[in-house]
Amino acid sequence: MDTAMQLKTSIGLITCRMNTQNNQIETILVQKRYSLAFSEFIHCHYSINANQGHLIKMFNNMTINERLLVKTLDFDRMWYHIWIETPVYELYHKKYQKFRKNWLLPDNGKKLISLINQAKGSGTLLWEIPKGKPKEDESDLTCAIREFEEETGITREYYQILPEFKKSMSYFDGKTEYKHIYFLAMLCKSLEEPNMNLSLQYENRIAEISKISWQNMEAVRFISKRQSFNLEPMIGPAFNFIKNYLRYKH
């Protein structure tokens, strides 16, 4: 039996500003358009031979609308809920054939629907620090800068990297270890307008992002209590670092 642990690394940029209207530090967060559980299911990142509890947990972590979508057994609709019109034909056919083999051929989806019906509650769409997977031979910092621009539209000249700050965290889910690495940046004054509406400006920037906004520490705590991923362990130290940075800067 294969018991090897799989490592998935994501690298991000915690970008902060000082809101001059309320004198509070804020950071940019993005909200995913779909849950991690839904993405893992569509991309077949699970074992059909795993115990049913593991699969039910996956469905528990989907939103209600996502579970309803899976119950249609229409893989095209599931796939384009994530990819929209992105041309990924080879990957699509590979994942569709696996979905068909796992769920459609044995009993025309009856087991899948039965498992979904056992799910309770519902997952939420995560608010996250902008991050993503590094490309081959790409440095950690280069990846963080690239992913931040892709998800927010804000280019490199508008912020300053604070190189003394670099934090990482890891967590495990089954046989997968997820490692997140974060750098820290301070926004330049030219983009510090408190009423700058990032949601309207960049919401269509990338297919996987549905919303983007500035959040202070109180909001970060509120968001963290309502979702499975806690943002405080990374953003809290980043805000403290920014406070000290601004104190010594002035």
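Glycine residues also receive a Cβ, built from the backbone N, Cα and C atoms like all the rest.
According to Swiss-Prot, the protein has these features:
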DOMAIN    97-239  domain 'Nudix hydrolase'
MOTIF     132-153  motif 'Nudix box'
BINDING   E138, E151, D173  Mg(2+) binding site
ACT_SITE  E147  active site, nucleophile
Residue pair E147 (active site, nucleophile), E138 (Mg(2+) binding site) - Cα distance, angstrom, rounded:
12
Assigned element (helix, strand, coil) containing D173 (Mg(2+) binding site), judged by DSSP:
strand
For a quick check of understanding: among the recorded positions E138, E147, which residue's Cβ has the most other Cβ atoms within 10 Å?
E147
Go through E151, D173, the listed binding-site residues, and name the one with the sparsest Cβ surroundings, counting other Cβ atoms within 10 Å.
D173
Between 0 and 100, where does the mean pLDDT of the domain 'Nudix hydrolase' (97-239) sit?
87
Give me the DSSP three-state residue breakdown of the domain 'Nudix hydrolase' (97-239), ordered helix, strand, coil.
60 helix, 38 strand, 45 coil
